[in-house]
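Some notes on the structure that comes next.
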Number of protein chains: 2
Amino acid sequence: MKGLFQYNWEVRHAWFKWCLSQPQEELVKKRSGGMGSIKKNLFHIVDVEVSWIYAILEKPDIQPDYSHYQTIQQIARFSDLHRSEIESVIFNYSSAFEHLPVKAAWSDEVCTQGDILRHLIAHEIHHIGQISVWTRESGSAPVSASYIGRKI
Amino acid sequence: MKGLFQYNWEVRHAWFKWCLSQPQEELVKKRSGGMGSIKKNLFHIVDVEVSWIYAILEKPDIQPDYSHYQTIQQIARFSDLHRSEIESVIFNYSSAFEHLPVKAAWSDEVCTQGDILRHLIAHEIHHIGQISVWTRESGSAPVSASYIGRKI
């Protein structure tokens, strides 16, 4: 679990950095699939991670408004802002928490902590895979997605 | 670990089934990014999983020739063929294996079992994310990528 979260944060950070080298129109260009643009995919990844971790922490969902996030730097700050709370869940996680029930405000279903963390891992990698295709379609090289070689 | 492998196998199976409802030309159509087509991405996912698990099992790499896999059914059979060997690694995995070194024939680097399994999880989800975008671009609905709701 921890290694895959660290991988996701490292890859996400590399994409934020990559975005800073791109013209803004590439980041907001309407694309098919995912959340519809590189910038929206990155915002969505952070938003979903914070929302589920807040549900585990029994904190109210913050529901950020995408229109307030005009730049990649703002999304990167949003990603950094809640990292310590997220780490408090991830780094303290053990099998004792696996089946603990979590009720998110936006769902009727009761989930378990283990399922939520695995959902977050898969959710981010999936949306990053989408960005990698859009990037190749625009003629750029994507950030490496390899887990091996990172020394996490 | 186990849950994310089971998720990947379930999603992969759903994509094989989805492929059977599609015209062959959609599956082999040249795309930007990933391995260049839906069929090649699916073959690559299976090939990479088998290769790394065989490295863990200290078996020689089988290096299958893509040109021998003309249909999705053949790739699905390839995926099923080695499942019991793969499960023997995944279902018996414990933290005792985390740092065990593995030397794959195709790499100079020595990896650990833990890193290889996390690599395989991320590798498959990443390539499935790419297929989901190609599918939307072709006007089809992708297989659900949600972990939550699967009762794994």
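Heads up, the Cβ atoms here are built off N, Cα and C, so glycines get one too.
Together with B:His123, B:His127, the divalent metal cation site in TrEMBL holds one more listed residue from B:His13, B:His44, which is B:His44.
Of all the binding-site residues listed (B:His44, B:His123, B:His127), B:His44 has the fewest other CB atoms within 10 A of its CB. Residues B:Gly34, B:Met35, B:Asn41, B:Ile45, B:Val48, B:Glu124, B:His126 surround the recorded divalent metal cation site, their Cβ atoms falling within 8 Å of the Cβ centroid of B:His44, B:His123, B:His127, which are themselves excluded.
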